[in-house]
Amino acid sequence: MSGKVEIEEAVNYTPLQRMRHSAAHVMAEAVQEIFPDARFAIGPAIEDGFYYDFDLPRALTPDDLPDIEQRMRRIIAGNHPFTGERWPREKALEYFQKKDQEYKVELIENLPDAEVGMYQQSKFLDLCRGQHVDNTSEIGPIKLMRVAGAYWRGDEHRPMLQRIYGTAWFTQEELDQYLWRLEEAQKRDHRKLGRELKLFTFSDDVSAGVPLFYPRGEMLRHLMENYVRDTQERYGYQHVWTSHIGKVRLYKTSKHWYTYRENMFPIMKGEQETSEDDAFILKPMNCPHHITLFKSQMHSYRELPIRYAEFATLYRYEKTGTLTGLARVRSLTQDDAHVFMRPDQIQEEFNNAVNLTAEVFSTYGLSDYYVRLSLRDPKKKEDYVGGDEVWDEAESSLRSAVEGRHITYELGIGEAAFYGPKVDFMVRDALGREWQCATVQLDLNQPMNFELEYIGEDGQPHRPVMIHRAVTGSTERFMAMIIEHFAGAFPVWLSPVQAMIIPIADRHQDYAYKVLEQLKAAGIRAEVDIRSERMNAKIRDAQLQKIPYMLVVGDKEAAAEAVSVRLRTNVDLKSIAVKDLIERVTGIARSKSFEL
RNA sequence: GCCGAAGUAGCUCAGUGGUAGAGCAACGGUUUUGUAAACCGUCGGUCGUCAGUUCAAUCCUGACCUUCGGCUCCA
């Protein structure tokens, strides 16, 4: 087997990825033309494009991109072949040391092989494991998208490099289509829709990352929470309430004080509290509180599992740079639950939690998500709390719970928490960013910290195990996803305003209010638009608010006890008797169908 | 937190070293309307905050606040 084949097998790029990766090399050459002293880090193909990380003598601005792009086009048009060869490690090391390319040197130092790949196009020679197009002319239409900071190796303790993101496609049409897709995605950005649909806002005077919900946004959260609440009750959960504050000592017992403190708001210490232990904290999580509830009573093995759920608002001091609309906030409402159980109940409880989550996701019509299953590293068992027996059982239970649902999942060996394996449900937002929503985690550690016990069949105390789980995760983040998923056009059961009654002229207002009363009595969320506007304007506004039903009422409707129904999909249902409409809407809402 | 960009009326945005405009919204009036924007008028901003430079700052400089893009998809 030749060296070249080995390199190619190591990455196995698709033709498109190969082309994009080649574009990254060309971009590096263009940057080198401008900055001869540039130092180069890595430049992989990524989803939708490529990037390259540079260490440059000055900061790039967006204005630099056109210049770099032009140089790239010139290089591409130069018909330069990509040539690869294998160099002995030492030779490559020496070469890059002499050129002061510290990042390349570090990369080589971490490579185990005796030989490394070196690829050249035009005047640019780079360490690379390969897979390029044969010639620069094969690189399709490119566009540089943005500059961004990126830590070397993603480590915040290492130097900050400058990253240029670009995109490349085989044809101009594909590039145009991609750019159009980006624009469309921006239209469903929940931050934009949140303002337009009057759902929520933020204020500098309140705090970054603390959303304020308007009535329509609150209605949406209320409906979402109620749905999860009803569903988890059906799955055997009981709801509890544990307020918003606690003492430092509680978090010392749970150890969060030592491991989680940077995410906690500063403590509140009054004049009476002489010791730090008695100072107050804003609750960043529920587990210590739920554990306290569990521990305050004796428990028999017969009672287990005990499932405590709570819609609690938690406060976490997230770094400012990570705050993003509702997707990452400082005050979040978790649909959190903790299950206290016997070790022999692990499998059943995992199943229960995964089934619950899958049911909720399917009600929302969510299918673009995957599950990450995090297991322990079998080579480092000593890093984890708890014995093999529990871990093996837990891991295989989790795996079969996930596999039984036919969900796409990825395996993260060594990504388990030290206290137990977990599954996370990952969802993408409109702009392609991934967010963790639901999570199910086994915890072998907190029962030890709090010395939890239940009385077994043998009359002796035994240590329970715990599951932490959240279905929608944080209500706020899930709302962000739902807003983007439906582009603000919520199904009837979730729509804050389900119907807008539109009187054609002032003389129809009395009848409009009569209809409103009937709808309200049937539990339909409706409003009357009494503004002195033309019907067309009222329709347009209701349409832009994505209200499912527009009910136009004029002389004909008033005479017939009817409404003229227009759907937000532009469908005109013509005149329908009020009682028939009520039946239709309540039926659709009850079934949580996506129909209108 | 770090790197870059940005912050002008409720929203979308224009603009200048000599203290600012447009459209939509809001408000007042006229209109009483049949399925995506009626017409006329009025109001509205200490140009993110605080300092500094300057005869003069919304514009230049600095700090802070906030927002946006990003911070391993590893040669």
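From the backbone N, Cα and C atoms, a Cβ is placed for every residue, glycine too.
What TrEMBL says about a protein is an automatic prediction, not a curated fact.
In three-state terms derived from DSSP, A:His468 (Zn(2+) binding site) belongs to an extended strand segment. Residues or ranges marked as Zn(2+) binding site in TrEMBL: A:Cys287, A:His338, A:His468.
Annotation comment: TrEMBL describes A:214-491 as domain 'Aminoacyl-transfer RNA synthetases class-II family profile'.
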Which residues in the same chain, at least 6 apart in sequence, have a Cβ under 8 Å from the Cβ of A:Cys287 (Zn(2+) binding site)? A:Ser254, A:His338, A:Asp443, A:Gln446, A:Met466, A:His468
Around the Cβ of A:His468 (Zn(2+) binding site), the count of other Cβ atoms that are within 10 Å: 23
Here the 10 Å Cβ neighbour count for A:His338 (Zn(2+) binding site) comes out at 25
